[in-house]
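The following features are taken from TrEMBL:
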COMPBIAS  294-304  compositional bias 'Basic and acidic residues'
DOMAIN    88-272  domain 'ABC transmembrane type-1'
DOMAIN    321-572  domain 'ABC transporter'
REGION    282-316  region 'Disordered'
TRANSMEM  23-45  transmembrane segment
TRANSMEM  87-112  transmembrane segment
TRANSMEM  118-139  transmembrane segment
TRANSMEM  146-165  transmembrane segment
TRANSMEM  204-231  transmembrane segment
Amino acid sequence: MEPAAGAPARRPGLARRLLRRPAAAAALLYLAAVVLLAALAPVFAPYGPQAADFAHVLATPSADHWLGTDALGRDIASRLMFGARPALLGVLVTVLVSAVIAIPVGLSAALAGGVDRVVSPLVDLLMSIPAIVVLLMVLATFDQELAAAMAALGVLTAPGLVRVVRAAALTVAGEPYVAAARVYGFGGVTIAFRHVLPRIVGPILVNLSLVAATALLTETGLNFLGLGVHLPEASWGGMVADASTVMNQQNWMLVPTGAAVACTVIALVLLGDGVRDATAEGWARPSSGTRIRPSRDAAKEGARGPRAKGAPPVDGPPVLLRVDGLTVAFPGPGGRPTPVIDDVSFELRAGETLGIVGESGCGKTMTGRAVLGLLPDGAHVVGGSILVDGADATAMGRRERAGLRGSTIAFISQEPMAALDPLFTVGSHIAEAVRTHTGAGRAQARRRAIELLGQVRLPDPDRVAKMYPHQLSGGMAQRAALAIALAGSPRLLIADEPTTALDVTVQAEILRLLRTLQRETGMAILLISHDWGAVGELCERTLVMYAGQVVESGPTPTIIAAPRHPYSEGLLAANPQLGTPGVTLRVMPGGVPAPGEWPPGCHFAARCPYVMDACTAHPVAVAETAGHGSRCLRQVPARMIEADHD
Ligand SMILES: Nc1ncnc2c1ncn2[C@@H]1O[C@H](COP(=O)(O)OP(=O)(O)OP(=O)(O)O)[C@@H](O)[C@H]1O
């Protein structure tokens, strides 16, 4: 296999990205200086905070007193350093309390509908409480303890932050890689804190910087009113109050005290903006030269699949998945359930490959999602059962169902790139899946991740493990997605159009890889595709779906050679891979009727060249002979049709 070219691009660290922004860098330096001066005030301050020099009251700046003195001759610079301590402590308490409450609550509200129903009204209620009244009550209750008031302020600012976290997380929750993380079987906490939170730190940081600014102003205000720090301790608010009482005699004092508060507030806001931008820059793709492609002959995985195509085994391996009469519906007009798949039945044995083909909108993906237990919002199983190893998955609780994903049933989609979180390397994605499903430690999971990358025939697994999703080609991303899917040693892989987005040579490589992996692992594969070529290549048996129903099922070669349903016949006749050179392909007129517009009889009747009166009168059942079924009256003797409808 040809080694992939190009080295993984290194992103500059957050600190370097931050320092490249002049405003953020200046704010950071200023705040660092304030923190340092406050922490080391006893060392740096030329005078004690209470040291009075009655010979120099209300002095302007001089060599002895850099920022002058107050009405008692106390050194303003020294008192500003000591006064920064309660100010910064208050900000820290408020920000911590606000973040510790708002981040988990906001994430839960976004990711769990039940929590949201409680949280949203509560947030509205809390936001209407007047903060100053609460703060005064807390100060009265806790003997003017400023830390208690600042903690209360943290609680009061949390609802606003909950809204921000919830709104930002809702956007990210819709990203395909979050849906993919569910499919891989990751727990809610892992998804929230590993995949969603890192993407929303920008808005969170901006809002926390505003919370910090609010906290500083509140702390200053309370001390201005004499309600916080006990006199004669130094505080910025107390110093502003002192300055305001003497401003008719000397107004200089307001300048350093007011400037300390104003500059710190501005610096907090600028730093929040800078961190947000630097974080966002970290997610942006490098613009040049890092995308690589695997070699054409990347995967010489072996020749044929594990079993010859043909009729379903009768006494073969045990049935792994049995879907029986499955009907899934969305709420339609007036709230009435509108089926999108109807009475779908099939079974899949261990190690078998089953294809589902059909035009767009026929219900292939919905069938796969129903098996995974990940139907879109609003969709419900309204009939039938899905037995996994004999246990009815539709009757399982959410936790039990989630336990099947990744370990028993894995999934790959046609958009592997979108399913990979852009913030994490390929190795880290796979290691996370290994840890989730096997409980392995970090080092062991990392080793297994490298093994899996080798198993999916990616070149130089060590190096690929260090790459980010944007550095992979489509084929490499699909192999990486397969490695994640294999992490839980699944017994069934649902592959939804796994080759659709790839170019032709890579499609063939991925199909060969799937076959090899199936042989090596013994897993069953449910291949959802609109491509007869892929299904013919990989699947022993095939279901043909039309407008929500299975219209034909049987051994793939038999269906391709002698389709029983006119829809299968039409699909095959329109397939360029199966056409004869020089002969014009047949095009089926019309389109798939939308759910809710299905006719009462055969769903295909309006497009069928063989349609009879009986086809439109009643629903058509599947008739099966020799493991080959078709939902068509043409194969049923005419007298049986009449008898059935009498
Ligand atoms: N969120 C949704 N709300 C309402 N209807 C939906 C929703 N998602 C899918 N459907 C409908 O369900 C039907 C089956 O969709 P499904 O995605 O399973 O089709 P498909 O055969 O997989 O098509 P494709 O090959 O385009 O993915 C379609 O008619 C589609 O319009």
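Placement of Cβ uses the backbone N, Cα and C atoms for every residue, glycine included.
The stretch in closest packing with the transmembrane segment (146-165), judged by the count of Cβ pairs under 8 Å and taken from 23-45, 87-112, 118-139, 204-231, is 87-112. Tallying C-beta pairs under 8 angstroms between the transmembrane segment (118-139) and each of 23-45, 87-112, 204-231 places 204-231 first. For the transmembrane segment (204-231), the residues of the chain that approach it from at least six positions outside its boundaries are 83, 86-87, 90-91, 93-95, 98-99, 103, 131, 135-136, 139, 144, 146, 149-150, 153-154, 157, 160-161, 164-165, 168, 237-238, 240-241, 261, 264-265, 268-269, 271-273, 275-276, 279, judged by C-beta separation under 8 angstroms. Long-range contacts of the transmembrane segment (87-112) within the same chain: residues 34-35, 38, 119-120, 146-147, 149-151, 153-155, 157-159, 161-167, 169-170, 173, 188, 191-193, 196-197, 204, 208, 211-212, 214-216, 218-220, 228, 235-236, 264, 268, each at least 6 residues beyond the stretch ends and with a Cβ under 8 Å from a Cβ of the stretch. Predicted-model confidence for the domain 'ABC transporter' (321-572) is 90, expressed as mean pLDDT.
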